[in-house]
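K.L.:
Below is a structure I'd like to ask you about.
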Amino acid sequence: MAVPTDLGDPHDRDHPQSARARASSESRPVTTRLRVILAEDDVLLREGLASLLTRSGFDVLEQAGDATTLLELVRERAPDLVMVDIRMPPTHTTEGLDAARAIRDEFPEVGILVLSAHADVEHAMELLASGRGIGYLLKSRITDVDDFIDTLQRIAAGASVVDPALVQELVSARRRNDPLAALSAREREVLALMAEGRSNAGIARRLWVTEGTVEKHVRSILTKLNLPETCDDHRRVLAVVTFLEAR
């Protein structure tokens with residue numbers, strides 16, 4: 001699959017629970033197994049994911065087939081990471097997303113990965129805007145185990161990850177009074193890579209330019225889009241992606 005990259009290194013120092021989570025993560029030895037709860041109503045897929053995660057060194061605490069059970073298990077077991085299907089019983093609409101919101105409200109330090117069969121811009125952006133340690137991936141694009149495991153580890157560490165297919169949909173969307181019209185072709189390329197979560201150094205490597213050149217493009221993009229640059233890369237990129245999503 002195209003490698004989903006995080007939306008910037010987490011630098012948020014404001015939330016006390018986030019600070020405790022970082023301290024815990026930083027002091028935890030690398031041999032510590034990440035504690036995971038899975039929520040997926042497709043039994044075969046759920047069991048397959050559980051087996052994959054166990055073989056990859058994760059501690060799969062529990063499995064749930066519906067959102068209500070998921071919430072109960074999270075409250076009882078205090079996992080590091082939750083994986084949840086966006087559509088679950090009984091209506092198969094947004095039960096998983098609703099559960100993810102509830103988990104984020106009650107346990108902001110718990111990483112959350114939402115799996116979806118479709119690139120739903122509205123739901124993805126709502127979830128990503130809720131803070132750090134959030135991921136949104138398309139099931140059909142999870143084809144590389146190593147990439148998937150790396151993504152889970154980054155989410156648990158506080159990064160936010162979005163599927164490149166969703167980023168492409170945001171960037172390629174054409175709207176009336178396109179706010180991206182002021183950007184040059186190269187700035188659009190840089191913006192797309194920013195939205196995928198690549199650092200300036202990563203963008204430079206991808207475009208075969210210097211990091212200084214990328215920094216100039218980034219400053220120009222933020223100025224043209226009226227998105228002031230801050231020292232918080234995570235918030236900066238979330239602001240850019242949210243701006244792209246606006247219709």
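Indices start at 1 and increase along the chain as displayed.
Cβ from N, Cα, C; glycine included.
Take a look at what TrEMBL says about it:
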- 1-27: region 'Disordered' (REGION)
- 8-17: compositional bias 'Basic and acidic residues' (COMPBIAS)
- 18-27: compositional bias 'Low complexity' (COMPBIAS)
- 35-154: domain 'Response regulatory' (DOMAIN)
- D85: 4-aspartylphosphate (MOD_RES)
- 176-247: domain 'HTH luxR-type' (DOMAIN)
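Buried or exposed, and what's around them? Tell me for each listed feature.
P.N.:
Assigned with DSSP, the residues of the domain 'Response regulatory' (35-154) fall into helix, strand and coil as follows: 57 helix, 27 strand, 36 coil.
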K.L.:
Counting every protein chain present, what is the number of Cβ atoms, excluding its own, within 10 Å of the Cβ of D85 (4-aspartylphosphate)?
P.N.:
27
